[in-house]
Amino acid sequence: MDSSTPQNYLAVIKVVGIGGGGVNAVNRMIEEGLRGVEFIAINTDAQALLMSDADVKLDVGRELTRGLGAGANPDVGRQAAEDHEEEIQEVLKGADMVFVTAGEGGGTGTGGAPVVARIARSLGALTIGVVTRPFTFEGRRRSNQAENGIETLRDEVDTLIVIPNDRLLSISDRNVSMLDAFKSADQVLLSGVSGITDLITTPGLINLDFADVKSVMQGAGSALMGIGSAQGEDRAVKAAELAIASPLLEASIDGAHGVLLSIQGGSDLGLFEINEAARLVQEVAHPEANIIFGAVIDDALGDQARVTVIAAGFDSVSQETNANNSSPAQRQAESTRAAFGGDASRPSGLGRSPQRGGNSYGAPAAGFGSRQGQGQDDDIPDDAGFDVDLPAEADAPSSSNTSARKDSLDFPDFLK
């Protein structure tokens, strides 16, 4: 092989967005300039598919639904994907890693994502699902379909990251529009994918590669991920604190047997602060966890430090227990804030209403992670490090606003 073509040695990463929500998420990733991956859009809605800028577009509804969508019926979505199994297999060939992203609860994404994941794994690719759980206001039927879809997908992927959209409301303004809420969900899906691909595609002082990611995520089941950034004194520790204490995921990284840890900063990033950040993460993982560490020097970050934590390999996670009890991760984060000061942990440049549209590599890292519970500590940045157009400090939606009428809401396919 010609040694002048090093790109041939790079891991082949493909991101598949299936259904309206998944295709919207892929479009968002393309807009933000996510690099080093191939984008594939799959849908039963031909019109929505035409609007995608993905490298590969696959209409799986041209016979079964005549390109008109799955009508929020997961059985139709599953059948459509199975009818085009050979085409899906063809576009996934050669991939080392496949991300399957979708908005759970609709038809095409909910029913088709497990089919895509099964095909990807059968081809030998490390297969990671990154999906959203629907907002409560989308209705009980959609919620039930989402839960069934998540459980089915979990059996077909190596690792599954589930992002509950309702948690976005905890960092949203009461006046946020429904369209902006769904765009914010797309941003979180982007964060889930880029947080992993960056570890592989960005050269490091201490390198992480595809084999490192695979050793933690292959057959790992559920995974939790956090991305935090901070500036100023003790920036690496504060970034690590944000990475393990975000309000957006439903469980804690406590007891993880596998952890990927990447710390990025300028050339002045100090050994002591790297050590402190790594120690913070180590203390909340399993005592015998396989912790793989990488450090990237990027002068474009300036005074900013960025920490990415991916935790997987849990013995068992009781979400009810996590929701009601303070975890070691939370207690560690709280003690760190007490030692270093709270408000300083807000990443510089991330105000209450940050601007959308910046490049995901030059902008402060969009982050989400493992803090269960919400609104418990005013020192956590209100936007939790996310580059989304959501002003902070809103109450969670009241359960009294949920009614039978919402169960029958008919959402346009581009929001499914």
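Using N, Cα and C of the backbone, Cβ positions are placed for all residues, glycine too.
Here the structure is a predicted model, which means the values were calculated and not measured.
What Swiss-Prot annotates here:
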{"type": "BINDING", "residues": "G20, G21, G22, V23, N24, G107, T108, G109, E138, R142, D186", "note": "GTP binding site"}
{"type": "COMPBIAS", "residues": "319-335", "note": "compositional bias 'Polar residues'"}
{"type": "COMPBIAS", "residues": "376-392", "note": "compositional bias 'Acidic residues'"}
{"type": "COMPBIAS", "residues": "404-416", "note": "compositional bias 'Basic and acidic residues'"}
{"type": "REGION", "residues": "319-416", "note": "region 'Disordered'"}
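Location within the structure of each feature annotated in Swiss-Prot.
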{"residue": "G20", "record": "GTP binding site", "Cβ within 10 Å": "29"}
{"residue": "G22", "record": "GTP binding site", "Cβ within 10 Å": "34"}
{"residue": "N24", "record": "GTP binding site", "Cβ within 10 Å": "25"}
{"residue": "T108", "record": "GTP binding site", "Cβ within 10 Å": "36"}
{"residue": "E138", "record": "GTP binding site", "Cβ within 10 Å": "24"}
{"residue": "D186", "record": "GTP binding site", "Cβ within 10 Å": "24"}
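The record assigns G20, G21, G22, V23, N24, G107, T108, G109, E138, R142, D186 to the GTP binding site, and the maximum Cα to Cα distance across that set is 19 Å.
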